[in-house]
Amino acid sequence: MTHQTHAYHMVNPSPWPLTGALSALLMTSGLTMWFHFNSMLLLSLGLLTNTLTMYQWWRDIIRESTFQGHHTSVVQKGLRYGMILFIISEVLFFTGFFWAFYHSSLAPTPELGGCWPPTGIHPLNPLEVPLLNTSILLASGVSITWAHHSLMEGDRKHMIQALSITIALGVYFTLLQASEYYEAPFTISDGVYGSTFFVATGFHGLHVIIGSTFLAVCLLRQLKFHFTSNHHFGFEAAAWYWHFVDVVWLFLYVSIYWWGS
């Protein structure tokens, strides 16, 4: 290995971006196969390869940061910029869904009956499960902040407790969302209302699952004493992501569930 005279981490060649891209291709193709041909084989293969990629990529990053000390303050600064840019790209991603929703709802076409919700659609009551889900995510935002403050103060017990509560609330949100989908009186194929509703809330639900997984990894790392008050970017990134998921849900609730109903 050549002598390094800078603070940057020169990453070794890794197969995980390639396997991650392959798993994304398998999952999206598998989702199409499931929708149109009721076959979950390709989707299951995609989920399996995605899970393996996540495990091995996280393992490598934990090794590089915690055990090899490659994540210097300069590297962490770069990672912070990367996470900020990623969240900005996610904001633009959801902007597209809100644009589609408002484009359809503010000037409904004659095919929709000239009204919103379209003729024949019975929207969900925003004061039932959606309101409960809103309170759950707001509570999880409080608990993740509690976890962050506990970590900064070196309070290991409260950090683990708060992080566990956040993950439990995330799982509870996902279960409630799944039950809401199961009982919804309309489907994804019920015109523009069904498609915008399920795609927007479905992608948000996917982000909650990803965020819960991210936080679960952070909990395991905290149990193994990986985080300190000045070296915990993995948790910080997960907390930023979780707050982003919270804010997106508030916009979804106000726009699609409350105003859109």
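Note: Cβ is positioned from N, Cα and C throughout, glycine not excepted.
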- [ ] Report, based on Swiss-Prot, whether Phe35 and His232 occupy the same side of the membrane.
- [x] no
Task: Tertiary contacts of the transmembrane segment (129-152) (same chain, 6+ residues out, Cβ under 8 Å) - done: 158-159, 162-163, 165-166, 169-170, 172-173, 176-177, 179-180, 208, 215, 222, 227, 229, 232, 235-236, 239, 242-243, 245-246, 249-250, 253, 257-258
Open item on the list: Below 8 Å between Cβ atoms, which of the listed ranges 41-66, 156-183, 191-223, 233-256 makes the most pairs with the transmembrane segment (16-34)?
Closed with: 41-66
Open item on the list: At a C-beta cut-off of under 8 Å, are there same-chain residues at least 6 beyond the transmembrane segment (156-183) that contact it? List them, or none.
Closed with: 124, 129-130, 132-133, 136-137, 139-140, 143-144, 146-147, 150, 198, 201-202, 205, 208-209, 211-212, 215-216, 218-219, 222-223, 227, 242
Open item on the list: For a three-state summary based on DSSP, what are the helix, strand and coil counts in the topological domain 'Mitochondrial matrix' (224-232)?
Closed with: 0 helix, 2 strand, 7 coil
